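Asks: In case it's useful when we look at the structure, here is the feature table from TrEMBL:
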COMPBIAS  1-10  compositional bias 'Polar residues'
COMPBIAS  14-27  compositional bias 'Basic and acidic residues'
COMPBIAS  49-63  compositional bias 'Low complexity'
COMPBIAS  79-89  compositional bias 'Basic residues'
COMPBIAS  115-125  compositional bias 'Low complexity'
COMPBIAS  156-165  compositional bias 'Pro residues'
REGION    1-174  region 'Disordered'
TRANSMEM  195-214  transmembrane segment
TRANSMEM  286-307  transmembrane segment
TRANSMEM  373-389  transmembrane segment
TRANSMEM  395-412  transmembrane segment
TRANSMEM  424-451  transmembrane segment
TRANSMEM  502-520  transmembrane segment
TRANSMEM  527-546  transmembrane segment
TRANSMEM  571-591  transmembrane segment
């Protein structure tokens with residue numbers, strides 16, 4: 001007979017103080033070892049039955065101490081189940097039952113106790129891991145036995161099989177963009193970037209505010225015919241000579257036979273690439289007008305970029321940029337391209353601040369450091385200095401001051417915040433070092449010819465003459481549409497109105513004053529800007545304050561006159577820039593509060609009106625900067641200037657008129673004795689004095705000694721001058737020849 005074997009319910013574990021429930025075994029028809037379970041007794045199961053039917057007590061026997069509910073000796077249910085699994089596997093041989101009637105030794109008891117303390121023994125763990133490995137291996141192999149897992153579908157279809165129709169519903173992977181598409185995307189994002197839009201707006205505004213500069217760009221020049229003609233010649237000469245003979249750059253064709261004549265004023269050398277395009281006076285005039293408009297656009301863009309980098313919003317930055325670029329005092333300087341071309345100064349400062357991760361509003365942020373922006377800033381600063389020292393030298397002083405501040409601030413920050421990594425980083429330090437070397441190197445290379453020119457006049461006398469009075473800061477220039485006629489009387493009392501009408505704008509004054517008490521900038525930042533503003537005003541007044549002994553003269557009074565720093569009023573650039581930053585703080589604070597107020601209202605009906613109100617300062621600044629600059633027509637070039645190649649003197653000659661003659665020489669760049677510039681060398685005064693009696697023996701001998709071989713007399717311009725009748729004097733006894741080229745031009749040849 002087959003004895004009934006007790007089994008535990010699989011859903012409830014056996015308790016230590018209750019007897020196990022006895023059940024009759026069931027026959028497993030799916031197990032090949034079911035015959036053993038049905039036909040023969042099993043010693044292990046009988047032992048389990050006996051153990052299960054005995055009640056447990058609180059006292060533990062030797063070898064069973066320390067076993068609880070979780071780590072107890074395997075019960076009859078668990079032992080029978082493991083035995084059933086071992087017998088139930090196909091082809092498995094039943095293991096012999098362990099004898100239960102053997103005496104338990106103390107060593108065995110200790111071993112059993114250790115097993116109970118650690119859970120399962122090492123042997124049981126190995127067996128469990130082996131069974132899991134076999135099960136996972138069996139799951140991956142094909143089997144026809146019911147109840148076993150089947151292998152998954154193949155990852156790839158066999159060769160020759162038809163395509164799976166369900167792939168039509170699968171997600172198609174996105175094709176990676178090629179180089180062309182990536183380049184187009186980058187260009188597209190760049191074209192709609194904030195600063196790209198700012199550049200477009202700056203250019204359109206420059207065209208409108210300088211109109212009609214581009215109406216007749218081949219025939220007119222802004223403001224007058226004197227300095228613009230000379231500067232158009234400078235750009236043409238630089239581009240021309242760098243293409244054919246760079247060694248002669250500083251020995252220009254004008255002021256013959258003097259050397260280093262290209263250093264007689266700001267050289268505008270940075271515009272030389274533009275001078276390589278086109279030849280002749282018309283090309284020079286067109287080039288000048290285009291550069292004139294672009295310089296105004298760069299002023300706006302540079303001011304916008306700097307104020308945005310400092311932390312202002314777009315509206316505040318726009319007001320500051322327009323106030324900086326179109327301040328009324330600039331209308332009196334429209335005839336000086338070197339004074340207008342200072343937009344690279346704020347733009348370079350913005351790039352340097354961005355490269356160092358610094359903002360006035362948010363402070364220093366190391367995570368935003370970008371060495372490439374610092375590189376661009378230093379290169380742009382070097383380019384600005386190459387345009388001339390009148391504005392480049394003060395900019396160099398500002399850069400030196402900023403470098404000194406950084407040298408003092410970096411060690412302090414390093415000591416206060418130890419363990420936070422480097423403040424600048426080795427890459428940025430190397431960039432700054434190389435950038436400073438580039439700026440200094442460019443400045444020294446350009447300064448050498450200026451130093452060789454030497455002293456060209458009493459610098460102190462001219463500085464005192466051009467130093468403006470304090471009330472000049474409230475007087476607008478004659479070219480201002482708003483303040484030109486209104487300030488005619490006080491402007492007439494100035495010694496040199498063109499250089500002393502320094503009004504930056506009453507709207508800008510008002511916004512800056514408001515910005516001292518109502519601003520996004522902190523009180524400390526406003527105080528620092530106020531101190532810097534006071535220093536800039538003192539320097540702008542030249543010798544008016546303290547006679548310049550402790551202000552302007554130590555910085556600029558010892559330099560040669562050729563450096564062009566003898567007009568203190570041109571430092572108004574820095575006064576305007578600081579006022580614009582203060583004004584941006586006030587406008588930005590107003591915009592911030594307007595947005596906050598609109599967000600709090602339900603419904604937000606004030607929003608359109610408040611947004612329109614934020615644009616009122618911008619409109620007022622634009623109106624105040626509206627000018628009425630004249631655009632006179634350039635005189636036609638004489639045909640002889642296109643054919644004569646020998647050294648030439650054009651009569652009549654004067655300081656202002658010679659600048660137009662220099663423009664005419666851009667066709668052939670023949671050696672030209674005429675010349676006018678930022679200052680009049682003593683040689684030119686001597687030339688005009690000795691040539692006043694031409695043609696006579698003394699004047700011809702003097703010109704022959706200079707090397708002049710040709711003299712051109714323009715009858716239409718000689719009226720009222722010493723050369724009014726020079727074209728009618730007999731020249732045969734003088735040993736020279738005369739040829740009437742047309743009704744207006746007489747050509748004299750001096751052998």
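Glycine is no exception: its Cβ is also placed from the backbone N, Cα and C atoms.
Each of the listed features needs to be described in terms of its position in the shown structure.
Replies: Long-range neighbours of the compositional bias 'Pro residues' (156-165) within the same chain, counting only residues 6 or more positions beyond its ends whose Cβ lies under 8 Å from a Cβ of the stretch, are absent.
Same-chain residues lying 6 or more positions outside the transmembrane segment (195-214) and placing a CB less than 8 Å from one of its CB atoms are 220, 222, 289-290, 292-294, 296-298, 300-301, 304-305, 321-322, 325-326, 622, 625-627, 629, 631.
Here the transmembrane segment (373-389) has long-range neighbours at 265-271, 338, 341-342, 344-345, 347-352, 354-356, 395-396, 399, 428, 431-432, 434-436, 438-439, 442-443, 446-447, 450, 559, 563-565, meaning same-chain residues at least 6 beyond its ends whose C-beta is under 8 angstroms from one of its own.
Outside the transmembrane segment (395-412) by six or more residues, the chain places 342, 345, 352, 356, 381, 384-385, 423-424, 432, 436, 439, 443, 555, 574 with a CB less than 8 A from a CB of the stretch.
Within the chain carrying the transmembrane segment (502-520), a Cβ under 8 angstroms from the stretch's Cβ atoms is held by residues 311-312, 316, 319, 323, 327-329, 361, 468, 472-477, 480, 483, 487, 526, 530, 540, 569, 572, 575-576, 579-580, 582-590, 592, 617, 620-621, 624-625, all 6 or more beyond its ends.
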Asks: Within the compositional bias 'Pro residues' (156-165), how many residues are helix, strand or coil going by DSSP?
Replies: 1 helix, 0 strand, 9 coil
